[in-house]
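Database features (TrEMBL):
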| type | residues | note |
| --- | --- | --- |
| TRANSMEM | 41-61 | transmembrane segment |
| TRANSMEM | 67-87 | transmembrane segment |
| TRANSMEM | 99-120 | transmembrane segment |
| TRANSMEM | 126-149 | transmembrane segment |
Amino acid sequence: MKSFGAMLQGTSLPLDYSYLLCEPTFQRIIRNESTEQFSGLPYIYALLNCLVTAWYGLPVISTDNLLVTTVNSIGAVFQLVYMIIFIKYAEKAKKLRMIGLLSLVFVVFAIIAIGSLFISDFEVRHLTVGFISCASLISMFASPLFIIVSRF
């Protein structure tokens, strides 16, 4: 199982820098005081991914993955700040939708975190949260495609 943790740890450092790539978008949103045609969906997926992967890196789920937790905790803070800015400048309908999705992210994360604590076997818990983490990572990278498809 160490190879699974190494895979996640290897992806964490490049992802840490990718959190900062959103800055020009948010400079524009703040400057124009509007989210324009931007979608908040990628930030919702990224926040869920950061929360789940940070949970995966904790000793209660896996061993020797503290770097995974550190990087993804920082990423979760970035994504939460981005979402707050996005919600602040969004029009009412989009604002309500994003608040609903943000609430859903926290509920889903709570279900994953609390539910995983009920798995008594450490290896099964490790694998379960690891696979959920991989699925959330894939959904994060696929989220821009959902936006493209929804525009057609």
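Quick reminder: no glycine exception, Cβ is built from N, Cα and C everywhere.
Those TrEMBL annotations? Automatic predictions, nothing curated.
Through the fold, the transmembrane segment (41-61) approaches residues 8, 12, 19, 22, 67-70, 72-73, 75-76, 79-80, 82-83, 86, 98, 101-102, 105, 108-109, 112-113, 116-117, 125-126, 129-130, 132-133, 136-137, 139-140, 143-144, 146-147 of its own chain, all at least 6 residues removed from its boundaries and within a Cβ separation under 8 Å. Counting residues 6+ beyond its ends, the transmembrane segment (99-120) has Cβ neighbours under 8 Å at 40-41, 44, 47-48, 51-52, 55, 60-61, 83, 87, 128-129, 132 in the same chain.
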